[in-house]
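Copied from TrEMBL, the annotated features are:
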{"type": "COMPBIAS", "residues": "174-187", "note": "compositional bias 'Low complexity'"}
{"type": "COMPBIAS", "residues": "200-216", "note": "compositional bias 'Gly residues'"}
{"type": "COMPBIAS", "residues": "223-243", "note": "compositional bias 'Low complexity'"}
{"type": "COMPBIAS", "residues": "244-253", "note": "compositional bias 'Gly residues'"}
{"type": "DOMAIN", "residues": "1-74", "note": "domain 'K Homology'"}
{"type": "DOMAIN", "residues": "83-154", "note": "domain 'K Homology'"}
{"type": "REGION", "residues": "163-255", "note": "region 'Disordered'"}
Amino acid sequence: MEVPYRCLVPADSVSFIIGKGGATIRQMSEMCGATLSILKDGEAPATLADKIVIIAGSTQAKDAACREVVRKLRQMQGVTDMEPGVFVIIIPQISVPVVIGTKGAQIKAIMEKSGAEINVGREAIIGMPDQPISINGTVDQVVMAVSGVNSVLQDMMDRGKLRDTDFRKVDPSAPTMAPMAPMAPAPSGGDHAVPRSQPGGPGGPGGPGGPGGYGNGTAQPMSMSGANGTNGSNGSQVPPSSGHSGGNPGNAGMGNSEEAFFSALQASGINSAELTLLLPSELLHNVLVPRGIMSEVAQRSGSRIDVGEEGPAKMLQVTLHGQMVGNAMAALLLQEKVLEFQQMH
């Protein structure tokens, strides 16, 4: 399968791209040899103000069609081909660590080759298993960067690391899993998501940091990190627990054994820690990522969660970064989901 290019465009520019009676988008499709489509209301989250444009076809055709879409947007905004401008694409959240690469090597290479600046969003778009990437540059730079990012996705698809379902349309009527018990917010000073700043869409991807906008000024793998309470499993705000004591995240409503466990961890005096787990790839692809559970666990535990490549027996390596207590909380929450998944199978 050829992976599609998917981009976000302002809702008020859609008519400009489609043209009267669909003439413009049809002309672009015929001229480039690609299929262009725009998701309708109901095919994307209601909270997403922008529209999603999907470009399908061969790499050459997709690049040509992407160029035309970028040019149309610039014409509407009064920006020339040689002026820098921002174009936003979306990619499956599970692919983000690979797109960024070890210590940011992959995305740095794409930026150097294209000459564009690339900023990766810190979180998934609410209601979607995808993350936004903003690309800033001239038309040629933007198209080359889009092609570079999607070539990584194509390689993952060819190697079986991505599936066609990772590019599926959003089903707003799909049932969501029952929310987990509320927990206390992460202690101050933790690794929180970069605030979103771009109006009218999923938010400005990236934020303070290095050229790639994917960390705290250092090149590191992209992650799903503790946020400010706006991205729960179903896109709703996750309330913090009001009954915690001693700074233990989430010890309200726990049994005595769990509370003693977390108290012992905190008493150990170990703060920053790293914990690696192996989770079924099917569970991640079909449940945890699409339903926003990974983001919810990250937010509630205060730990950063990195998803690695597939390992033995179709298992994915998941690494938790944060305080010992938060990592333990995240591990327990994920273990609950694994047990639920095993019971269903």
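Glycine is no exception: its Cβ is also placed from the backbone N, Cα and C atoms.
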Model confidence over the domain 'K Homology' (1-74) (mean pLDDT, whole number): 93
Secondary structure tally of the domain 'K Homology' (83-154) (DSSP, helix then strand then coil): 37 helix, 20 strand, 15 coil
